[in-house]
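K.L.:
Once you've had a glance at the structure underneath, I'll fire off some questions.
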Amino acid sequence: MGSEIIQFHNCFILREGKIIKEDLWTCDGKIVDPEPIFFDQKDYADIKIDCEGLMIAPGFIDVQVNGGFGVDFSRDSETIEEGLKVVAKGLLAYGTTSFCPTLVTSSPEFYHQVVGKIKKTPGSSEGAEILGIHVEGPFINNDKKGAHDLQFIHKFTNGANSIKEVYGKNWRNISMITLAPELENSTEVIKHLTSNGVTVSLGHSMGSLIQGEEAVRNGASFITHLFNAMLPFHHRDPGLIGLLASSKIPPGKTVYYGIIADGIHTHPAALRIAYKTHPKGLVLVTDAMSALGLEPGQYKLGYQDVDVKENCAVLTGTTTLCGAIASMDKCVRHLKRATDCSTVEALEAATLHPASALGLQDRKGSLLFGRDADFVILDHDLNVISTWIASKKVYQNPAAVELTSRRITKL
């Protein structure tokens, strides 16, 4: 094959909805089928790695990361490139191999300055892959702004043209937009965005179920942090939450929903209701803010002051939650504990589902042949042992023993 073939053996792998005892083979940063190597090319591995009975899962994908390790993407505009590197590197310790840097509601001037600087970037030993920006706002409902700054909230005054006006000429660096579907001209905007490959997510909204269904028919396919910053469930109009059980979703279409499984943003009972209602749409997100990976204290989210106490981040002087500080591996473990879902379901909520929500399932989110060799090696309690991007180890848990690797001498 002209490049190094690596065989990971003595392992369990997540493939096609099952955890199976099978070797994982990679070459040129991709997962490969070993059969042609044996039978067509009469070849075998260059490097053999003994995984000692551990589990290999696709790398975690986080579509909502506001920052971390002291970096706030919505504030540090002058140093955004350096900040991206810090967060991308830090996320590797949690098994996250790709992510969407997320900007909260900000001024058009800020977007014009920053959106062009956040480019899609391949993953490497320097950090997780950047899949494009998630802009959470500013096209949201004032009454469900949560921690977003009221002065920067916008309407679609000029329809689809509002997108370029607000985000600037580099708006195609955006992969996901959270908006409120009840805003005037939202139908035109949703059609424009989805036709340009942007995932439209519904959130920070007072929208009814009917408005949500209309948005989905026009191309929306995601719900931002379910239960948070939306109308509470009501039996006569379940609001956006009702999309999980709607009979009016177009055939063959899946509505995905982000959920912060940190034990704070979503009660375990609410998590169980969502999971049991629509397990195939569940996407774990961290909604991580700048305090991720750091001690409790005072931080910023955009222009807002934030107090971090123990496991919780709130706007200073209030009880309003604003981002989270739980890592993706913790969210995977909490989801499994809280819902009693299978290990496969917990892992797919952080891998296959977010990849599918972004339309990347042919490249990311699974260990099928031809996919990117981005994966995480876990123990059977789902703790991260090591993280790999393009079949190269980019993080080793210092508390874990390194796996045995040996180079095969070929005759």
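For all residues, glycine too, the Cβ spot is worked out from N, Cα and C.
Annotations for this protein, taken from TrEMBL, read as follows:
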- Asp287: active site, proton donor/acceptor (ACT_SITE)
- Glu136, His204, His225: Zn(2+) binding site (BINDING)
- Ala147, Asn228, Ala229, Arg236, His265, Leu321, Cys322, Gly323: substrate binding site (BINDING)
- 55-392: domain 'Amidohydrolase-related' (DOMAIN)
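Give me the structural setting of these features: burial, nearby parts and distances.
P.N.:
The Cβ of Asp287 (active site, proton donor/acceptor) has 28 neighbouring Cβ atoms from other residues within 10 Å, across all protein chains displayed.
Within the same chain, residues at least six positions away from Ala147 (substrate binding site) with a Cβ under 8 Å of its Cβ are Val104, Leu301, Gln304, Val306, Leu315, Thr320, Leu321, Cys322, Gly323.
Model confidence over the domain 'Amidohydrolase-related' (55-392) stands at 96, taken as the mean pLDDT rounded to a whole number.
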K.L.:
Whole-number Å only: compute the distance from the Cα of Arg236 (substrate binding site) to the Cα of His204 (Zn(2+) binding site).
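P.N.:
Distance (Cα to Cα, whole Å): 20 Å.
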K.L.:
Rounded to a whole number, how many Å is the Cα of Asn228 (substrate binding site) away from the Cα of Glu136 (Zn(2+) binding site)?
P.N.:
13
K.L.:
Give me the count of other Cβ atoms within 10 A of the Cβ belonging to Asn228 (substrate binding site).
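P.N.:
The answer is 17.
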K.L.:
What recorded positions among Glu136, His204, Asp287 are found with a C-alpha within 10 angstroms of that of Ala229 (substrate binding site)?
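P.N.:
Cα within 10 Å of Ala229 (substrate binding site): His204.
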K.L.:
Using a 10 Å cut-off on CB atoms, tell me which of the binding-site residues His204, His225, Arg236, His265 is the least crowded.
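P.N.:
Selected from the binding-site residues His204, His225, Arg236, His265 on minimum Cβ neighbours within 10 Å: Arg236.
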